[in-house]
Amino acid sequence: MTQTRARTVFLLAHTGRPAAIRSAELVVQGLLRSGLGVRVLEAEAADLPLPDEVELVKEATPQCLDGCELLIVLGGDGTLLRGAEFARASGVPMLGVNLGRVGFLAEAERDDLDKVVDRVVTKAYEVEERMTVDVVVHKNGDIVHTDWALNEAAVQKVSAERLLEVVLEIDGRPVTGFGCDGIVCATPTGSTAYAFSAGGPVVWPEVEALLMVPISAHALFAKPLVTSPNSVLAVEVQPDTPHGVLWCDGRRTVELPQGARVEVRRGAVPVRLARLHHASFTDRLVAKFALPVAGWRGAPH
């Protein structure tokens, strides 16, 4: 790795999107003009028109962010979650620019690139920590897999024609059992992702909690559950039914052994997000989902 400048920003982009390529070019030019160094993965640099001053790294490891003060991610939700993997492993804050649809993890839109560069150069941003979950898979008392998630860990059925038979547990006590398509164990950040699509509540990110949301459960009591952030959630797949599959943030998957037990608890390592705006989460929610608020009068003054 070549010698870095005093201030360096790592850039991660979805180079399969033409909009991302153009956006990356604009961000790189703006940062270099302002005297900041830019670092990019060599595999992505092949698809980007980058000047020679850009530092290239070969391997996508947490160490490739050593010395970087910020990780800028250009893309949709999938790219932002990929960036979150780098951010968590390195401790470097992530600043997302949404080039997709909803982009709840993003702090800016494509039209905000000039402002993004200006805020980064002047360090006019704040950093907040987002809760994660750690996931442990047990089989006959042995740990067979571990993972983590920023949004959610989902236990889902594999066979389309048969339900996944599960028993839910919270803090060492059984809650209920039923057949379903799956169970989503989510963070407040993930409450607007898969858990939201499954009928779960929207939880403000300032709230510390864990969510357990059934997917298409065949039961009268199959409501979303909101627990303490210190609770331990467990999904036990019944041994006499087809096995399931574990998805973490929709990116990493592993087939579960028959009769597996999946435990989800508050993660030991958060993801740090860079924030440019002081807008409330309520305003972000309204904007992202284009919610109808016509007729709102507000509290009398």
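For all residues, glycine too, the Cβ spot is worked out from N, Cα and C.
The feature NAD(+) binding site is assigned by Swiss-Prot to Asp77, Gly78, Arg82, Asn151, Glu152, Arg162, Asp181, Thr192, Ala193, Tyr194, Ala195, Phe196, Ser197, with sequence analysis given as support. The active site, proton acceptor annotation in Swiss-Prot covers Asp77 and is backed by sequence analysis.
Positions of the features from Swiss-Prot, shown on the structure.
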| residue | record | DSSP (3 states) |
| --- | --- | --- |
| Asp77 | NAD(+) binding site | helix |
| Arg82 | NAD(+) binding site | helix |
| Glu152 | NAD(+) binding site | strand |
| Asp181 | NAD(+) binding site | coil |
| Ala193 | NAD(+) binding site | coil |
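Taking every protein chain shown into account, Glu152, Asp181 are the binding-site residues, and of these the Cβ with the most other Cβ atoms within 10 Å belongs to Glu152. Each of the binding-site residues Ala193, Ala195 was scored by the number of other CB atoms within 10 Å of its CB, and the largest score is that of Ala195. Around Ser197 (NAD(+) binding site), taking its Cβ as the centre, 11 other Cβ atoms fall within 10 Å, counting all chains. Remark: Arg82 (NAD(+) binding site) has Leu12, Val73, Gly75, Arg251 as non-local neighbours, by Cβ distance under 8 Å and separation of at least 6 in sequence. Pairwise Cα distances among Asp77, Gly78, Arg82, Asn151, Glu152, Arg162, Asp181, Thr192, Ala193, Tyr194, Ala195, Phe196, Ser197, which the record gives as the binders of NAD(+), peak at 32 Å. Long-range Cβ neighbours of Asp77 (NAD(+) binding site) (same chain, at least 6 residues apart, Cβ-Cβ under 8 Å): Gly100, Arg101, Val102, Gly103, Phe104, Leu105, Ala193.
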